[in-house]
């Protein structure tokens with residue numbers, strides 16, 4: 001109905017420059033925190049550095065869809081994601097790419113979409129206090145769950161990602177000591193846990209209304225998260241860069257305006273923790289056939 005949407009597909013020429021500035025900003029921050037007291041290292045990790053690092057993981061999400069250099073330069077996207085990964089402090093980008101493809105192809109797929117919490121998570125984290133712990137420990141669950149649910153062979157790119165990351169960490173440690181390393185890693189863990197930006201993890205696919213498994217958020221935090229809030233639009237058109245997703249909604253407004261949407265990621269966290277009807281079990285789970293088996 002709207003052929004103009006097809007023109008939005010393709011690389012975002014500005015993304016690589018935005019990411020480069022973010023990496024340099026974090027490098028400068030590492031230099032500035034080297035002599036701070038520990039309380040200030042953790043304060044700035046949560047209030048500033050972690051916000052950049054969480055935003056960077058969402059830039060890596062965009063890059064995983066080849067929107068930095070386009071589909072014809074897929075390898076360049078993989079290498080650039082490793083560069084974007086550097087201020088995060090731990091290797092992440094190559095493994096994310098490997099599993100994120102399955103999230104789109106098999107959304108909610110049992111043992112295929114590792115975004116789905118395990119049965120143990122759903123059973124144990126069922127009270128407000130336990131759900132608060134689960135939200136706080138989200139980065140650990142996201143990192144360890146794939147190894148339990150759907151382990152895959154380590155790829156060459158993952159080895160390169162790890163070597164590049166740990167080499168960068170060693171250089172930073174040699175130049176400025178331990179505090180910049182803690183600043184990077186603590187910021188990543190804190191801001192992917194109990195933090196307003198982290199509301200998007202739950203907002204995207206937890207079933208707040210029965211029958212709806214994907215939700216968008218159109219609030220101001222999209223400005224610092226590469227429009228990840230436009231999540232219905234993203235799953236409809238994953239090859240469109242985040243910067244252009246608002247145009248999708250504008251062009252095809254009648255398809256999105258009537259759908260349930262979140263107004264606040266902070267409110268999402270609050271409702272998730274204190275509403276007894278919502279928890280890690282609040283996800284659509286389905287049995288999916290592997291693409292290779294269905295051909």
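Cβ atoms here come from the backbone N, Cα and C positions, even for glycine.
Note on TrEMBL: of 123-140, 141-158, 159-176, 213-230, the range annotated with the feature transmembrane segment is 159-176.
Only sequence-distant pairs (6 or more apart) were considered; of these, at least three Cβ pairs between the transmembrane segment (40-59) and the transmembrane segment (182-203) are under 8 A, so the stretches are in contact. Here the transmembrane segment (159-176) has long-range neighbours at 30-31, 34, 82, 85-86, 88-95, 184, meaning same-chain residues at least 6 beyond its ends whose C-beta is under 8 angstroms from one of its own. Per-residue pLDDT, averaged over the domain 'Fatty acid desaturase' (39-258), rounds to 96.
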